[in-house]
Amino acid sequence: MIGVAMIVGFSFQGTELIGIAAGESENPEKNIPRAVRQVFWRILLFYVFAILIISLIIPYTDPNLLRNDVKDISVSPFTLVFQHAGLLSAAAIMNAVILTAVLSAGNSGMYASTRMLYTLACDGKAPRIFAKLSRGGVPRNALYATTVIAGLCFLTSMFGNQTVYLWLLNTSGMTGFIAWLGIAISHYRFRRGYVIQGYDVNDLPYRSGFFPLGPIFAFVLCLIITLGQNYEAFLKDTIDWGGVAATYIGIPLFLLIWFGYKLIKGTHFVRYSEMHFPERVKK
């Protein structure tokens with residue numbers, strides 16, 4: 001179950017892009033809270049409910065479903081639903097819908113990656129060349145770099161019998177959970193620091209519910225999924241170290257970059273009393 005959670009999390013990853021879009025929103029105080037609330041219901045309706053319907057129609061023993069390897073996938077579960085119902089034309093339409101969704105996901109990924117690279121460059125954490133804007137305000141250099149890297153990642157599916165692709169999938173999935181861990185910690189420390197410095201959380205334009213249990217639960221759950229991905233490998237007589245490395249490769253990469261930055265820049269842990277809250281946050 002824990003191993004499957006990585007793929008499930010990979011499917012969910014991207015909802016945090018709302019935070020990236022906040023900086024370019026016309027009225028973030030109103031639009032971002034509205035978007036956050038809509039995301040919950042959209043995930044519940046279009047993802048959870050859809051998966052529930054599929055699980056009620058298609059048996060887990062269906063040979064077209066994912067078995068032991070990525071190459072075993074032959075038909076989308078959504079398409080299988082229409083095939084079982086005898087609606088072959090609807091299945092073709094569903095394939096078109098899935099391709100449209102893939103293009104949409106790729107578009108949002110390009111936007112997020114480009115904007116994050118641009119922001120890192122503006123903060124001095126990436127080469128300054130990526131901070132250059134076109135006349136229309138588009139960070140073209142960051143966009144070009146993101147496009148090239150994305151294209152190279154796409155080509156990996158053609159080499160190594162899907163091995164390289166699986167490594168990238170595990171790395172990106174693990175990175176997403178690490179990002180969620182950071183979001184949970186940041187949310188908890190932000191609210192704590194805000195109150196400790198004497199501010200009222202009711203003055204914030206948006207307040208997430210279930211605090212402090214919400215971020216604590218999210219942190220613990222993400223930590224369990226992150227560390228327990230391939231625990232079965234350690235229960236066998238012979239440990240597949242290659243599989244272990246492919247699963248957990250994202251963790252050492254993150255730690256290397258994080259500690260490397262702190263050593264080079266000489267940054268320290270920010271205490272609650274040292275936190276700076278912009279005036280627009282204090283309202």
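Here the Cβ of each residue, glycine as well, is placed from N, Cα and C on the backbone.
In TrEMBL, annotation is done automatically, which means it is predicted and not curated.
The annotation domain 'Amino acid permease/ SLC12A' is assigned in TrEMBL to 2-271.
If you look up TrEMBL, you'll see 39-61 (among others) marked as transmembrane segment.
Residues or ranges marked as transmembrane segment in TrEMBL: 81-106 (among others).
Per TrEMBL, the feature transmembrane segment maps to 142-159 (among others).
Long-range neighbours of the transmembrane segment (165-188) within the same chain, counting only residues 6 or more positions beyond its ends whose Cβ lies under 8 Å from a Cβ of the stretch, are 6-7, 9-10, 13, 16, 70, 153, 156-157, 208, 211-212, 214-216, 218-219, 222-223, 225-226, 229, 246-251, 253-254. Sequence annotations record features per position, and here TrEMBL assigns transmembrane segment to 165-188 (among others).
Residues 2-3, 5-6, 9, 170, 174, 177-178, 180-181, 183-185, 187-188, 191-192, 247-248, 251 of the same chain lie 6+ residues outside the transmembrane segment (209-229) yet bring a C-beta within less than 8 angstroms of a C-beta in it. Among the features that TrEMBL reports, transmembrane segment is placed at 209-229 (among others).
For 241-261 (among others), the entry in TrEMBL reads transmembrane segment.
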